[in-house]
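Feature annotations, reproduced from Swiss-Prot:
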COILED    25-118  coiled coil
MOD_RES   LYS112  N6-acetyllysine
REGION    115-160  region 'Disordered'
MOD_RES   LYS127  N6-acetyllysine
MOD_RES   LYS129  N6-acetyllysine
MOD_RES   ARG132  citrulline
MOD_RES   LYS145  N6-acetyllysine
MOD_RES   LYS147  N6-acetyllysine
MOD_RES   LYS155  N6-acetyllysine
MOD_RES   ARG165  citrulline
ZN_FING   195-244  zinc finger
SITE      TYR197  site 'Histone H3K4me3 binding'
BINDING   CYS198, CYS200, HIS222, CYS225  Zn(2+) 1 binding site
SITE      MET208  site 'Histone H3K4me3 binding'
BINDING   CYS211, CYS216, CYS238, CYS241  Zn(2+) 2 binding site
SITE      ASP212  site 'Histone H3K4me3 binding'
Amino acid sequence: MAAGMYLEHYLDSIENLPFELQRNFQLMRDLDQRTEDLKAEIDKLASEYMSSARSRSSEEKLALLRQIQEAYGKCKEFGDDKVQLAMQTYEMVDKHIRRLDTDLARFEADLKEKQIESSDYDSSSSKGKKSRTQKEKKAARARSKGKNSDEEAPKAAQKKLKLVRTSPEYGMPSVTFGSVHPSDVLDMPVDPNEPTYCLCHQVSYGEMIGCDNPDCSIERFHFACVGLTTKPRGKWFCPRCSQERKKK
């Protein structure tokens, strides 16, 4: 594939990337603003509770505490949604980077293959010209000697035959391109510095959920690895932390 085709295909693949990034960043800004609004509401409710705690009934104080708790719950949901958006944005960009690395590797492999073909053709062409020149000189000498002696003709013929048999035109080795197949470079290495998560000890990708146990050693899990298809409502604990909680 020509270099222009590689570039054209890659540019087509990233055509919508700026709009997708802009959308995700705008959603994250909206989540930040909603979180700040809720934090202001929590401060207001907390001040109201502290200033009038003695004069309020138990039911009124409990209602205020529930409002504060619900506001904190929504803040946590907004935070989780923002983390999911950030991970989705990272995966989106990383996918295009891997695509670019793969196309570059294929392009370099194509260049190597063409260089080998060109070198092989130039070598065969120069050696072929040299062989033809030698045969022409031998034939000329044979013709000049043939006028004076009939015995020179068979020798000249033998020399010409020998030249044809040993000519590089008929003895060039075949070139194998197996070492530069583009398919050998499709699997790109994973960044060794990228952190791993989940029970599978893999890098972050797709939809993930965080364990609500602050002491969880793993912290985040892939939906598929913990049997989830949608984000559960309320608190969620990973399988390990759930077992520990049951023991207590």
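Each residue, glycine too, has its Cβ placed from N, Cα and C.
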Binding-site residues compared (CYS198, CYS200, CYS225, CYS238) - the one with the fewest other Cβ atoms within 10 Å:
CYS200
DSSP says what for the zinc finger (195-244): how many helix, strand, coil residues?
9 helix, 10 strand, 31 coil
Minimum Cβ neighbour count within 10 Å among the recorded positions LYS112, HIS222: which residue?
LYS112
Limited to the zinc finger (195-244), I'd like the whole-number average of pLDDT.
87
Within 8 Å of the Cβ centroid of the Zn(2+) 1 site residues CYS198, CYS200, HIS222, CYS225, which other residues of the same chain have their Cβ?
TYR197, LEU199, GLN202, PHE221, ALA224, VAL226
Let me know how many other Cβ atoms fall within 10 Å of the Cβ of CYS216 (Zn(2+) 2 binding site).
16
